[in-house]
Amino acid sequence: MRIAAILVAGGSGSRFGSDIPKQFLPVGGKPLIRHGAERLSAKVDLLQPVGCADDIAPLLQGLDHLPIVDGGKERQDSVRAGLEALVPYAPDIVLIHDAARPYFPDHTIEDLIEALQIHDGAIPAVPVADTLKRAAGNIIDSTVPREGLYRAQTPQAFKFSVLLALHRDHPGGATDDAALLDQAGHSVALVPGAEDNIKVTYPADLARVERSMSISMIPRIGTGYDVHAFETGRKLILCGIEVPHHQGLAGHSDADVGIHALCDAIYGALAEGDIGRHFPPTEASWKDADSARFLRHAAERIAARGGFLANADLTLICEKPKITPHAPAMIARLAELLGVSIDKISVKATTSEKLGFTGREEGIAAQAAVIIMIPA
């Protein structure tokens, strides 16, 4: 069974009152859109973002997703564009998720998929708890019974072929996809939603999300250390870039000592072992491998745990080559691989004052520390 997700990132956020669309505003240390994208990418086979590629692409760096497609004037136009883009991949199930919803529980997708064994669609929903009033202006006209009323949330799940056919048969669709199925006589199930699954529409919503995340996320600290000896005849790769030097570093992979230390720090913070556990040096498949693959995997593990990288601090220890001239490029590359902004990454260098193997210019050592926020 192949599962795809459409991440709808259109809309200008006019009700939010900001020049920046709400889905691009920072919350919990990263753009709003990235929270949902990371949670989806850890659960589905295909992630299809819909919106302005120039705006979205930088915010999704490091995540595995399909080429971004342009959205439409209305939300349903954007969903249709995402569905058509998924046709060549023939998914069995498609999830539709609003980029303005940064959080949903891990069990939501499992609940939705289970419901699709019987129904053509399923949505998470929360029963309406407040008393509802119908009014004309500021004058109450009547009380609306709340029994049987629910607040719909996303992600919503549908059988791909059913939803695609309905969008093609009804251009413009309905106000939402569940309504489209309901109007066509298809059954749509409700699964339990979550009060924390907040859609950011107004400025106060952003504050609610920030408070919720600060309460539900806890910091995890990890450290990593690695060392490689110099070896003639190899390129010197440090923090994902090639550094001019007359020697490279010896190792089974490309021997990127900086990335290796950083990976160990991340795995340590997640209590998931070290780089050797995930990429054993005894396996031929990792011979001369680009260590960027290792760091991308570490970033994916953060996302799979529903967390985010708060910051990373890396120190390279060597007499030569000089690191400082290359530090900005190193920071940019690490930020790209981890899918974070450059202000979350620090790369600096020191020497051992001519002492030890680094002092004798026999190799390079690296020390890393990270703080990762994960759900409590």
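First residue shown is number 1, and so on along the chain.
Even glycines carry a Cβ here, placed using N, Cα and C.
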Per Swiss-Prot, which one of H186, H252, H260, H278 shares the divalent metal cation site with D226, H228? H260
Let me know how many other Cβ atoms fall within 10 Å of the Cβ of H252 (site 'Transition state stabilizer'). 16
On average, residues of the region '2-C-methyl-D-erythritol 4-phosphate cytidylyltransferase' (1-220) score a pLDDT of 88
Count of other CB atoms lying within 10 Å of the CB belonging to S352 (4-CDP-2-C-methyl-D-erythritol 2-phosphate binding site): 14
Tell me which of the recorded positions R146, K199, H252, H260, T351 ends up closest to F357 (4-CDP-2-C-methyl-D-erythritol 2-phosphate binding site) in space, Cα to Cα. T351
Counting distance between Cα atoms, which of the recorded positions R146, K199, D226, H252, I275 is nearest T351 (site 'Transition state stabilizer')? D226
What is the total of other Cβ atoms whose distance to the Cβ of F357 (4-CDP-2-C-methyl-D-erythritol 2-phosphate binding site) is within 10 Å? 16
